[in-house]
Amino acid sequence: MTISNQAKIAAHHVNVWYGTKKAIDDVSLDFGSDQVTSLIGPSGCGKSTFLRTLNRMNDTIPSARVEGDITLDGEDIYAAHMDVVQLRARVGMVFQKPNPFPKSIFENVAYGPRIHGLAANKPQLAEIVEKSLRRAGLWDEVKDRLTESGTALSGGQQQRLCIARAIAVDPEVILMDEPCSALDPIATAKIEELIHELKGRYAIVIVTHNMQQAARVSQRTAFFHLGTLIEYGATSDIFTNPRQERTKDYITGRYG
Amino acid sequence: MLALFLVIAGLGLIGWLTARMRAVGFRRGSTARFSSLPSHFGGYVALWTMLPAALFLTIWASTAPALVTDRVLRDPAAAQLPPPGFDRAAILSEARSLAAGNSFGAFNPLSQKLAPAYAAAQSRFDWIGSAAALLLAFAGGAFAYTRVRPDFRARSKIEHVVMAGLLGASLIAILTTMGIVASLLFESWRFFSIVPIGDFLLGTHWSPQVIDSADPGKTLGAVPLFWGTFFIGAVIAMLVAIPFGLMSAVYLTQYAAPSARRWMKPILEVLAGVPTVVYGYFAALTVAPAVRDFAVSIGITYASSESALAAGLVMGVMIIPFVSSMADDSLAAVPAAMRDGSLAMGATASETIRRVLLPAALPGVVGGVLLAVSRAIGETMIVVMAASGVATLTLNPFASATTVTKQIVDLLTGEAEFDSPKTLAAFALGLTLFIITLLLNIVALTVVKRYREAYE
């Protein structure tokens, strides 16, 4: 199920185990560099687990084991010489619940650039922070209170702060794990708008429970069920003309 | 007395059985739902039989001896007793033990004469007490039995008794604390009526062995003691306990494999349960000589074999598990999302710990450290065994230093009158230490609580 030869990330025959339980069963999936891809499926279908294999966040779970190849620009990200620090700078992540650090708004965004040494001096760092906050559509709301704690913002602002934090290290891919599930509809609309603006600049992979959201923000959609990839294709095809019976049942609300 | 309790317990059992039978009787053949089971009625009657009688006996046991003595004093032989004072009390107590059959000879012939009167009065009041208790048991049981009716909610009555019992149990600790504070306050007040409070709190000369009775405050200045306590417990001990405790918590929560954690954590906890006297041996016999030899070898001339450093080092080791477990809790309370967020930015584990987890856990860690300090400055055995008795105001860790707790022990051991400024000073020191640790604990618990709320 490859989409083109310009795939940013390519996953081939990926299996993931948690201890002895198989969570992902032989999934092969490519992601385009200027597209938004959404992963949909019922709870426990493995879509979040699959997402976390793309920046090796499953490494932090002692019992998790990943098999198969995943390449970023043709480079095997599970190869022994691959530096996880570098990988995660290139593949950023936004989580289900906004998780700003208990630091100031400025320090939250400056966190990545500081770790990766992206700014030579203070003015440069301030510039990166401003650019990232602008790109995340948060600058106008927080420019007068950059020294306040990031945790004092509203839920939607916190999530945009986390997006700003992720893009501050200039990643190539952004993974979003149900980024709106803890937000109200207005905050959700703002995040979706932001995803539209970020599209083209970054490859975006978003896990979502909300099928309208998948239809609104993504160009390609992958449907997961019980750890396997059932169907992958253009979002419009998946939602209007699914090839698989199970996909059709899911998007028409038969189960999930 | 034992027989009486057995009889009352027997009455209770009978009450339980009869009430239960009666309740079973009115349930039989009825389809109505009852709020209480037969055993609740049984329990209700049994409680009414036993509790009032037991309460009465408790009060009686504390008032009866006074009544007995009063009765004995009305005996004609008592007219020959000396006026109230030590002799009179001695004769009466001798007579009492003769009457009870605990002793067979008497020094004072008068007690021999009073013994029969004592025995008579004793048996008379014993009899009155037993009769009253039995009567109460019967009355209580009968009253309760008349209330055993289908619509009576014995179940909720029993609930009240359970609640009262639990409340009583929790009050005991609180009341005891208040009693301790009251006695400390009383003795300290006696001390401060002899020694001006300013001399005690601000004076820098402490040598309770030589007290000038005209100006006792001159040699009872506690500043060197508080300094020594602070230096050993809050400076040296914490220089050991904070880094090692924190690092072990970080290792256990962030790096250790579950299998390593499974055996390391219990060992740390065992360390917390080692009696402090054992640490005391270790400090006095092993660490103190080693510290002195080391000091001599690097050319320090006034190295003491009872140095502040030896006591402080061992105290620090004792506190490590405490700091470690508090830090462990605070680190574990930081949401996993923080850690994931930092790792996903490409930070390594140690960067994540230094830049995100520890700052987030800091209030909890600080609270834990304050609790540890309050434990360290109240610690007694290690300093009694390893610290010096000489109070010096020094910054030199190899010099001798003493602590408040060590001085309290020194002041109260050996022969001393209980109303000399020297002995009373122990209570004033105890009170000051109590107030300091209380304040530390309040601050620490407030900090910890604030922190807990922040993440809920």
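Glycine is no exception: its Cβ is also placed from the backbone N, Cα and C atoms.
Taken from TrEMBL, the feature transmembrane segment applies to B:45-68, B:127-148, B:160-186, B:225-246, B:267-288, B:308-335, B:356-377, B:424-448. Look at TrEMBL and you will find B:227-444 tagged as domain 'ABC transmembrane type-1'.
Relative to the transmembrane segment (B:225-246), the listed stretch B:308-335 leads the set B:127-148, B:160-186, B:308-335, B:356-377, B:424-448 in CB pairs under 8 A. Contact between the transmembrane segment (B:424-448) and the transmembrane segment (B:160-186) is supported: at least 3 Cβ pairs lie under 8 Å, counting only residues 6 or more apart in sequence.
In this chain, the transmembrane segment (B:45-68) lies in contact with the transmembrane segment (B:127-148); the count of Cβ pairs under 8 Å, excluding pairs fewer than 6 apart in sequence, is at least 3. Same-chain neighbours of the transmembrane segment (B:160-186): 47, 51, 427, 430-431, 434, counting only residues six or more beyond its ends whose CB sits under 8 Å from a CB of the stretch.
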